[in-house]
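Residues or ranges marked as repeat 'WD 1' by Swiss-Prot: 15-57. Residues or ranges marked as repeat 'WD 2' in Swiss-Prot: 61-103. Feature annotation from Swiss-Prot assigns region 'Disordered' to 116-140, 303-323. Annotation comment: Swiss-Prot describes 153-192 as repeat 'WD 3'. Under the heading repeat 'WD 4', Swiss-Prot lists 200-239. Taken from Swiss-Prot, the feature repeat 'WD 5' covers 244-310. According to Swiss-Prot, the feature repeat 'WD 6' maps to 344-383. The annotation repeat 'WD 7' is assigned in Swiss-Prot to 418-459.
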(Lines of atoms letter the chains of each structure in order from A and count residues from 1; the text may use other names and numbers.)
(Lines give C-alpha, C1' and ligand atoms only; values in the text may rest on other atoms or scores of the structure.)
Protein backbone atom coordinates (compact mmCIF):
# COMPACT_ATOMS: atom_id res chain seq x y z
CA UNK A 1 0.00 0.00 0.00
CA UNK A 2 1.41 3.36 -1.00
CA UNK A 3 2.12 5.87 1.73
CA UNK A 4 0.34 9.19 1.81
CA UNK A 5 2.39 11.87 0.06
CA UNK A 6 1.84 14.33 2.92
CA UNK A 7 4.36 12.50 5.14
CA UNK A 8 8.06 12.00 4.53
CA UNK A 9 10.67 10.01 6.43
CA UNK A 10 14.09 11.65 6.05
CA UNK A 11 17.54 10.63 7.26
CA UNK A 12 18.73 12.99 9.98
CA UNK A 13 22.08 11.38 10.82
CA UNK A 14 24.04 8.19 11.33
CA UNK A 15 25.39 7.44 14.79
CA UNK A 16 29.16 7.69 14.49
CA UNK A 17 31.44 5.89 14.56
CA UNK A 18 29.42 2.72 13.90
CA UNK A 19 30.19 -0.80 14.98
CA UNK A 20 32.08 -2.83 12.40
CA UNK A 21 29.84 -5.82 13.09
CA UNK A 22 26.10 -6.48 13.11
CA UNK A 23 24.04 -4.36 15.47
CA UNK A 24 20.93 -5.92 16.95
CA UNK A 25 18.98 -3.33 18.91
CA UNK A 26 18.99 0.31 20.03
CA UNK A 27 17.39 1.39 23.32
CA UNK A 28 16.77 5.11 23.94
CA UNK A 29 17.21 6.24 27.56
CA UNK A 30 13.87 7.04 29.28
CA UNK A 31 14.95 10.54 30.38
CA UNK A 32 18.34 11.44 28.88
CA UNK A 33 19.04 12.16 25.18
CA UNK A 34 21.24 9.08 24.77
CA UNK A 35 20.78 5.67 23.18
CA UNK A 36 22.45 2.30 23.81
CA UNK A 37 23.14 -0.04 20.88
CA UNK A 38 23.91 -3.78 21.08
CA UNK A 39 26.52 -5.31 18.81
CA UNK A 40 27.91 -8.65 17.71
CA UNK A 41 31.34 -7.37 18.75
CA UNK A 42 30.34 -8.10 22.41
CA UNK A 43 29.95 -4.41 23.26
CA UNK A 44 27.23 -1.89 23.97
CA UNK A 45 27.84 1.57 22.54
CA UNK A 46 26.21 4.63 24.05
CA UNK A 47 25.59 7.56 21.69
CA UNK A 48 24.36 11.11 22.13
CA UNK A 49 21.09 12.06 20.44
CA UNK A 50 22.11 15.72 20.52
CA UNK A 51 25.10 15.38 18.18
CA UNK A 52 24.90 11.66 17.24
CA UNK A 53 28.43 10.84 18.38
CA UNK A 54 29.77 8.02 20.50
CA UNK A 55 29.92 8.77 24.21
CA UNK A 56 31.15 5.49 25.67
CA UNK A 57 31.66 1.82 24.92
CA UNK A 58 30.71 -0.83 27.47
CA UNK A 59 33.01 -3.84 27.17
CA UNK A 60 34.19 -6.91 29.00
CA UNK A 61 30.97 -8.25 30.46
CA UNK A 62 29.91 -10.78 27.83
CA UNK A 63 31.73 -13.52 25.92
CA UNK A 64 29.47 -13.48 22.85
CA UNK A 65 27.22 -11.05 20.95
CA UNK A 66 25.15 -8.63 23.02
CA UNK A 67 21.66 -9.22 21.64
CA UNK A 68 19.48 -6.92 23.72
CA UNK A 69 19.46 -4.20 26.36
CA UNK A 70 16.99 -2.11 28.36
CA UNK A 71 17.25 0.92 30.66
CA UNK A 72 15.79 0.66 34.14
CA UNK A 73 13.10 3.33 34.70
CA UNK A 74 12.72 5.69 37.68
CA UNK A 75 16.36 5.65 38.74
CA UNK A 76 17.71 8.86 40.25
CA UNK A 77 21.36 9.82 40.23
CA UNK A 78 22.55 7.06 37.94
CA UNK A 79 21.70 5.09 34.81
CA UNK A 80 21.14 1.33 35.06
CA UNK A 81 21.30 -0.85 31.95
CA UNK A 82 20.42 -4.54 31.59
CA UNK A 83 22.08 -6.46 28.76
CA UNK A 84 21.34 -9.91 27.35
CA UNK A 85 23.87 -11.96 25.42
CA UNK A 86 24.25 -15.05 23.29
CA UNK A 87 26.48 -16.32 26.12
CA UNK A 88 23.21 -17.05 28.04
CA UNK A 89 23.83 -14.39 30.70
CA UNK A 90 22.27 -11.07 31.65
CA UNK A 91 24.46 -8.20 32.81
CA UNK A 92 23.51 -5.23 34.97
CA UNK A 93 25.57 -2.08 34.45
CA UNK A 94 25.56 1.20 36.37
CA UNK A 95 26.92 4.67 35.73
CA UNK A 96 26.64 7.72 37.97
CA UNK A 97 24.76 10.59 36.35
CA UNK A 98 27.18 13.14 37.76
CA UNK A 99 26.41 15.41 34.83
CA UNK A 100 22.71 15.65 35.81
CA UNK A 101 19.64 14.52 33.90
CA UNK A 102 19.41 17.50 31.56
CA UNK A 103 20.60 18.37 28.10
CA UNK A 104 23.15 20.66 29.76
CA UNK A 105 24.35 17.58 31.56
CA UNK A 106 24.87 15.75 28.29
CA UNK A 107 27.01 18.65 27.15
CA UNK A 108 29.04 18.16 30.34
CA UNK A 109 29.44 14.50 29.35
CA UNK A 110 30.68 15.62 25.92
CA UNK A 111 33.27 17.88 27.55
CA UNK A 112 34.41 15.01 29.76
CA UNK A 113 34.95 12.83 26.67
CA UNK A 114 36.90 15.11 24.33
CA UNK A 115 39.04 12.33 22.88
CA UNK A 116 38.89 10.91 19.39
CA UNK A 117 35.86 8.57 19.64
CA UNK A 118 37.01 6.54 16.68
CA UNK A 119 39.93 5.19 18.72
CA UNK A 120 37.37 3.21 20.76
CA UNK A 121 39.78 2.71 23.67
CA UNK A 122 38.89 1.18 27.02
CA UNK A 123 40.41 1.53 30.44
CA UNK A 124 41.27 -2.15 30.63
CA UNK A 125 39.66 -2.88 33.99
CA UNK A 126 38.29 -6.19 32.74
CA UNK A 127 34.65 -5.31 33.41
CA UNK A 128 33.46 -2.14 31.74
CA UNK A 129 35.32 0.65 30.03
CA UNK A 130 34.36 4.16 29.06
CA UNK A 131 36.33 5.88 26.32
CA UNK A 132 38.24 8.49 28.29
CA UNK A 133 41.82 9.53 27.76
CA UNK A 134 41.65 12.93 29.39
CA UNK A 135 40.67 12.14 32.99
CA UNK A 136 42.81 13.27 35.88
CA UNK A 137 42.06 10.14 37.90
CA UNK A 138 39.99 11.84 40.60
CA UNK A 139 36.76 11.61 38.64
CA UNK A 140 37.60 8.35 36.89
CA UNK A 141 35.11 6.28 38.88
CA UNK A 142 32.31 8.69 38.02
CA UNK A 143 33.05 8.33 34.31
CA UNK A 144 32.95 4.52 34.20
CA UNK A 145 30.23 2.04 33.56
CA UNK A 146 30.39 -0.39 36.46
CA UNK A 147 29.64 -4.07 35.85
CA UNK A 148 27.34 -4.57 38.84
CA UNK A 149 26.15 -8.18 38.59
CA UNK A 150 25.79 -11.11 36.20
CA UNK A 151 22.45 -12.96 36.21
CA UNK A 152 22.98 -16.60 35.32
CA UNK A 153 20.14 -19.05 34.74
CA UNK A 154 19.27 -19.42 31.07
CA UNK A 155 20.66 -22.42 29.21
CA UNK A 156 20.97 -20.70 25.84
CA UNK A 157 21.06 -17.33 24.06
CA UNK A 158 19.21 -14.48 25.77
CA UNK A 159 17.00 -12.78 23.17
CA UNK A 160 15.20 -10.00 25.08
CA UNK A 161 15.19 -8.16 28.41
CA UNK A 162 12.53 -5.79 29.75
CA UNK A 163 12.02 -3.84 32.99
CA UNK A 164 8.58 -3.59 34.58
CA UNK A 165 6.96 -0.12 34.86
CA UNK A 166 8.08 0.16 38.49
CA UNK A 167 11.62 -0.94 37.66
CA UNK A 168 11.54 -3.59 40.38
CA UNK A 169 11.14 -6.59 38.06
CA UNK A 170 13.29 -7.64 35.12
CA UNK A 171 11.99 -10.14 32.56
CA UNK A 172 14.38 -12.10 30.35
CA UNK A 173 13.74 -14.70 27.65
CA UNK A 174 15.88 -17.13 25.75
CA UNK A 175 16.31 -19.66 23.01
CA UNK A 176 15.91 -22.25 25.78
CA UNK A 177 12.11 -21.58 25.58
CA UNK A 178 11.96 -20.08 29.06
CA UNK A 179 11.06 -16.70 30.55
CA UNK A 180 12.65 -15.64 33.82
CA UNK A 181 11.45 -12.87 36.11
CA UNK A 182 14.01 -11.38 38.48
CA UNK A 183 13.36 -8.97 41.33
CA UNK A 184 15.83 -6.18 42.01
CA UNK A 185 16.08 -6.25 45.81
CA UNK A 186 17.43 -2.68 45.74
CA UNK A 187 19.50 -3.41 48.84
CA UNK A 188 22.60 -1.53 47.77
CA UNK A 189 24.47 -4.75 47.03
CA UNK A 190 23.14 -5.36 43.49
CA UNK A 191 21.25 -8.47 44.59
CA UNK A 192 18.57 -9.97 42.36
CA UNK A 193 16.18 -12.77 43.26
CA UNK A 194 14.54 -15.18 40.83
CA UNK A 195 10.78 -14.95 41.37
CA UNK A 196 9.50 -17.03 38.43
CA UNK A 197 10.56 -19.28 35.58
CA UNK A 198 7.89 -19.87 32.92
CA UNK A 199 8.34 -22.64 30.37
CA UNK A 200 5.01 -22.90 28.55
CA UNK A 201 6.36 -21.73 25.19
CA UNK A 202 7.14 -24.54 22.76
CA UNK A 203 9.93 -22.69 20.96
CA UNK A 204 12.57 -19.98 21.14
CA UNK A 205 11.16 -16.95 23.00
CA UNK A 206 12.03 -13.91 20.91
CA UNK A 207 10.70 -10.97 22.90
CA UNK A 208 9.25 -9.91 26.25
CA UNK A 209 7.49 -6.60 26.95
CA UNK A 210 5.78 -5.24 30.06
CA UNK A 211 2.37 -3.58 30.11
CA UNK A 212 2.87 0.21 30.50
CA UNK A 213 1.13 0.48 33.88
CA UNK A 214 0.38 -3.05 35.13
CA UNK A 215 2.63 -5.95 36.10
CA UNK A 216 1.52 -7.94 33.08
CA UNK A 217 4.11 -9.42 30.73
CA UNK A 218 3.70 -10.25 27.04
CA UNK A 219 5.99 -12.68 25.22
CA UNK A 220 6.48 -13.64 21.56
CA UNK A 221 7.87 -16.92 20.31
CA UNK A 222 9.05 -19.17 17.51
CA UNK A 223 5.99 -21.31 18.35
CA UNK A 224 3.84 -18.67 16.53
CA UNK A 225 2.09 -17.57 19.73
CA UNK A 226 1.89 -14.56 22.02
CA UNK A 227 1.42 -15.29 25.70
CA UNK A 228 0.37 -13.07 28.60
CA UNK A 229 1.62 -13.60 32.15
CA UNK A 230 0.49 -12.26 35.52
CA UNK A 231 1.13 -12.93 39.18
CA UNK A 232 -1.73 -14.59 41.05
CA UNK A 233 -1.50 -15.66 44.69
CA UNK A 234 2.29 -15.14 44.67
CA UNK A 235 2.74 -17.38 41.62
CA UNK A 236 3.38 -16.21 38.08
CA UNK A 237 1.42 -17.99 35.38
CA UNK A 238 0.00 -17.75 31.90
CA UNK A 239 -3.35 -15.96 31.60
CA UNK A 240 -3.69 -15.94 27.80
CA UNK A 241 -2.27 -17.64 24.73
CA UNK A 242 -2.91 -15.66 21.55
CA UNK A 243 -2.87 -17.61 18.29
CA UNK A 244 -3.26 -15.85 14.97
CA UNK A 245 0.12 -15.47 13.31
CA UNK A 246 1.19 -18.08 10.77
CA UNK A 247 4.88 -17.88 11.58
CA UNK A 248 7.42 -16.89 14.22
CA UNK A 249 6.28 -13.88 16.25
CA UNK A 250 9.40 -11.73 16.44
CA UNK A 251 8.26 -8.80 18.52
CA UNK A 252 5.45 -7.44 20.69
CA UNK A 253 4.96 -3.91 22.00
CA UNK A 254 2.31 -2.17 24.07
CA UNK A 255 0.25 0.89 23.28
CA UNK A 256 0.86 3.90 25.51
CA UNK A 257 -1.66 4.33 28.30
CA UNK A 258 -2.67 7.82 27.10
CA UNK A 259 -2.80 7.13 23.36
CA UNK A 260 -5.63 8.67 21.30
CA UNK A 261 -6.06 8.22 17.51
CA UNK A 262 -5.75 11.35 15.40
CA UNK A 263 -8.97 13.00 14.23
CA UNK A 264 -8.91 14.35 10.65
CA UNK A 265 -9.76 18.03 10.34
CA UNK A 266 -12.72 17.21 8.12
CA UNK A 267 -14.25 14.89 10.73
CA UNK A 268 -17.44 16.38 12.13
CA UNK A 269 -17.60 16.43 15.96
CA UNK A 270 -14.01 15.22 16.16
CA UNK A 271 -13.72 16.10 19.87
CA UNK A 272 -16.88 14.15 20.68
CA UNK A 273 -15.69 11.16 18.68
CA UNK A 274 -12.34 11.25 20.49
CA UNK A 275 -14.04 11.36 23.89
CA UNK A 276 -16.28 8.42 22.96
CA UNK A 277 -13.32 6.41 21.70
CA UNK A 278 -11.38 7.05 24.91
CA UNK A 279 -14.33 5.95 27.04
CA UNK A 280 -14.77 2.73 25.10
CA UNK A 281 -11.03 2.11 24.96
CA UNK A 282 -10.72 2.41 28.76
CA UNK A 283 -12.78 -0.78 29.14
CA UNK A 284 -10.01 -2.86 27.56
CA UNK A 285 -6.90 -0.88 28.39
CA UNK A 286 -3.75 -0.59 26.26
CA UNK A 287 -3.63 -2.78 23.18
CA UNK A 288 -0.82 -5.03 22.02
CA UNK A 289 0.90 -5.02 18.62
CA UNK A 290 2.89 -7.90 17.13
CA UNK A 291 4.88 -8.69 13.99
CA UNK A 292 5.84 -11.97 12.44
CA UNK A 293 7.53 -14.12 9.83
CA UNK A 294 4.12 -14.15 8.12
CA UNK A 295 4.79 -10.51 7.06
CA UNK A 296 1.88 -9.09 9.02
CA UNK A 297 1.51 -6.56 11.82
CA UNK A 298 -1.48 -7.32 14.04
CA UNK A 299 -3.16 -5.46 16.88
CA UNK A 300 -4.80 -7.29 19.76
CA UNK A 301 -7.35 -6.02 22.26
CA UNK A 302 -8.27 -7.51 25.62
CA UNK A 303 -11.96 -8.17 26.09
CA UNK A 304 -13.57 -6.13 28.89
CA UNK A 305 -14.06 -8.14 32.08
CA UNK A 306 -17.85 -8.26 31.78
CA UNK A 307 -17.57 -9.68 28.29
CA UNK A 308 -15.00 -12.24 29.42
CA UNK A 309 -17.31 -13.42 32.20
CA UNK A 310 -20.16 -13.65 29.72
CA UNK A 311 -18.10 -15.83 27.35
CA UNK A 312 -16.37 -17.96 29.99
CA UNK A 313 -17.13 -21.67 29.68
CA UNK A 314 -17.65 -23.89 32.77
CA UNK A 315 -14.64 -26.05 31.96
CA UNK A 316 -11.92 -27.40 34.27
CA UNK A 317 -9.45 -25.80 31.87
CA UNK A 318 -8.91 -22.09 31.26
CA UNK A 319 -8.28 -20.49 27.89
CA UNK A 320 -4.57 -21.24 28.28
CA UNK A 321 -5.16 -24.99 28.37
CA UNK A 322 -3.75 -25.23 31.90
CA UNK A 323 -5.76 -27.18 34.52
CA UNK A 324 -7.64 -24.88 36.87
CA UNK A 325 -5.97 -26.50 39.88
CA UNK A 326 -2.80 -24.74 38.73
CA UNK A 327 -4.23 -21.63 37.12
CA UNK A 328 -7.76 -20.61 38.17
CA UNK A 329 -10.15 -20.12 35.25
CA UNK A 330 -11.14 -16.74 36.67
CA UNK A 331 -7.67 -15.37 36.02
CA UNK A 332 -7.71 -16.14 32.30
CA UNK A 333 -7.96 -13.29 29.82
CA UNK A 334 -9.50 -13.28 26.36
CA UNK A 335 -7.81 -11.29 23.61
CA UNK A 336 -9.29 -10.51 20.20
CA UNK A 337 -7.50 -9.64 17.00
CA UNK A 338 -8.59 -6.07 16.42
CA UNK A 339 -7.04 -5.65 12.99
CA UNK A 340 -4.26 -6.56 10.59
CA UNK A 341 -2.38 -3.48 9.45
CA UNK A 342 -2.01 -2.70 5.74
CA UNK A 343 0.35 -5.13 4.02
CA UNK A 344 3.61 -3.22 3.55
CA UNK A 345 6.49 -5.71 3.89
CA UNK A 346 7.73 -8.36 1.44
CA UNK A 347 9.72 -10.42 3.94
CA UNK A 348 9.76 -11.20 7.66
CA UNK A 349 9.03 -8.29 10.01
CA UNK A 350 11.49 -8.26 12.90
CA UNK A 351 10.38 -5.33 15.02
CA UNK A 352 7.35 -3.14 15.51
CA UNK A 353 7.46 -0.10 17.81
CA UNK A 354 4.44 1.77 19.20
CA UNK A 355 5.18 5.42 19.95
CA UNK A 356 4.07 6.37 23.45
CA UNK A 357 3.95 10.05 22.43
CA UNK A 358 2.08 10.05 19.11
CA UNK A 359 0.49 6.59 18.92
CA UNK A 360 2.14 5.93 15.55
CA UNK A 361 3.61 2.55 14.71
CA UNK A 362 6.85 1.76 12.88
CA UNK A 363 7.96 -1.62 11.52
CA UNK A 364 11.18 -2.95 9.98
CA UNK A 365 12.46 -6.28 8.79
CA UNK A 366 14.33 -8.48 6.36
CA UNK A 367 13.29 -6.45 3.30
CA UNK A 368 15.23 -3.41 4.54
CA UNK A 369 12.10 -1.25 4.53
CA UNK A 370 10.88 1.18 7.18
CA UNK A 371 7.10 1.61 7.38
CA UNK A 372 5.23 4.13 9.54
CA UNK A 373 1.50 3.77 10.27
CA UNK A 374 -1.03 6.13 11.82
CA UNK A 375 -4.43 5.39 13.36
CA UNK A 376 -7.26 7.79 12.55
CA UNK A 377 -10.80 8.14 13.74
CA UNK A 378 -13.42 7.74 11.04
CA UNK A 379 -17.19 8.01 11.31
CA UNK A 380 -19.50 6.41 8.80
CA UNK A 381 -16.74 5.51 6.34
CA UNK A 382 -16.84 2.56 3.96
CA UNK A 383 -15.54 -0.66 5.44
CA UNK A 384 -11.89 -1.57 4.91
CA UNK A 385 -9.84 -4.47 6.22
CA UNK A 386 -7.73 -2.15 8.36
CA UNK A 387 -10.70 -0.64 10.20
CA UNK A 388 -11.13 -1.48 13.86
CA UNK A 389 -14.21 -1.80 16.01
CA UNK A 390 -14.65 -0.34 19.49
CA UNK A 391 -14.77 -2.74 22.46
CA UNK A 392 -18.15 -4.39 22.95
CA UNK A 393 -20.14 -5.02 26.08
CA UNK A 394 -21.36 -8.41 27.25
CA UNK A 395 -24.47 -8.28 25.08
CA UNK A 396 -22.34 -7.80 21.98
CA UNK A 397 -23.15 -4.13 21.37
CA UNK A 398 -20.60 -1.36 21.10
CA UNK A 399 -19.80 -0.03 24.54
CA UNK A 400 -20.83 3.64 24.91
CA UNK A 401 -19.90 4.35 21.33
CA UNK A 402 -21.97 5.03 18.20
CA UNK A 403 -22.12 2.15 15.77
CA UNK A 404 -20.40 4.21 13.09
CA UNK A 405 -17.36 5.17 15.20
CA UNK A 406 -14.27 3.35 13.96
CA UNK A 407 -10.56 3.83 13.54
CA UNK A 408 -8.44 2.88 10.57
CA UNK A 409 -4.70 2.43 10.16
CA UNK A 410 -2.94 3.98 7.19
CA UNK A 411 0.63 3.79 5.95
CA UNK A 412 1.89 7.37 6.09
CA UNK A 413 5.58 6.91 5.21
CA UNK A 414 7.95 4.29 3.83
CA UNK A 415 11.66 4.10 3.04
CA UNK A 416 13.01 1.27 0.87
CA UNK A 417 16.60 0.14 1.26
CA UNK A 418 17.02 2.25 4.37
CA UNK A 419 20.35 0.53 5.13
CA UNK A 420 21.26 -0.39 1.57
CA UNK A 421 21.07 -4.12 0.94
CA UNK A 422 21.07 -5.02 4.63
CA UNK A 423 18.29 -6.32 6.85
CA UNK A 424 17.01 -3.99 9.57
CA UNK A 425 16.88 -5.73 12.93
CA UNK A 426 15.25 -3.11 15.12
CA UNK A 427 13.38 0.19 15.21
CA UNK A 428 12.57 2.45 18.15
CA UNK A 429 11.06 5.88 18.81
CA UNK A 430 12.90 8.56 20.77
CA UNK A 431 12.30 12.17 21.68
CA UNK A 432 14.20 14.45 19.34
CA UNK A 433 17.10 16.20 21.10
CA UNK A 434 19.31 17.78 18.42
CA UNK A 435 19.39 21.50 17.62
CA UNK A 436 17.07 21.07 14.64
CA UNK A 437 14.11 20.15 16.82
CA UNK A 438 11.06 22.36 17.19
CA UNK A 439 10.95 23.80 20.69
CA UNK A 440 7.89 23.12 22.81
CA UNK A 441 6.81 20.02 20.90
CA UNK A 442 6.98 16.26 21.40
CA UNK A 443 8.82 15.84 18.11
CA UNK A 444 10.23 12.34 17.72
CA UNK A 445 12.87 10.52 15.73
CA UNK A 446 13.05 6.92 14.57
CA UNK A 447 16.21 4.92 15.25
CA UNK A 448 16.93 1.93 12.99
CA UNK A 449 19.56 -0.74 13.64
CA UNK A 450 20.90 -3.01 10.91
CA UNK A 451 23.09 -5.95 9.92
CA UNK A 452 25.81 -3.70 8.50
CA UNK A 453 26.53 -2.26 11.95
CA UNK A 454 25.05 1.15 11.23
CA UNK A 455 22.44 2.90 13.35
CA UNK A 456 20.46 5.66 11.62
CA UNK A 457 18.23 8.43 12.98
CA UNK A 458 15.21 9.55 10.93
CA UNK A 459 12.72 12.40 11.14
CA UNK A 460 9.08 12.22 10.10
CA UNK A 461 7.75 15.33 8.38
CA UNK A 462 3.96 15.52 8.30
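Using N, Cα and C of the backbone, Cβ positions are placed for all residues, glycine too.
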Exercise. Between the repeat 'WD 7' (418-459) and the stretches 15-57, 200-239, 344-383, work out which stretch tops the count of Cβ pairs under 8 Å.
Key: 15-57
Quiz item: Taking DSSP states H, G and I as helix and E and B as strand, how many residues of the repeat 'WD 6' (344-383) are helix, strand and coil?
Solution: 0 helix, 21 strand, 19 coil
Quiz item: Using DSSP, how many residues in the repeat 'WD 2' (61-103) fall into helix, strand and coil?
Solution: 1 helix, 22 strand, 20 coil
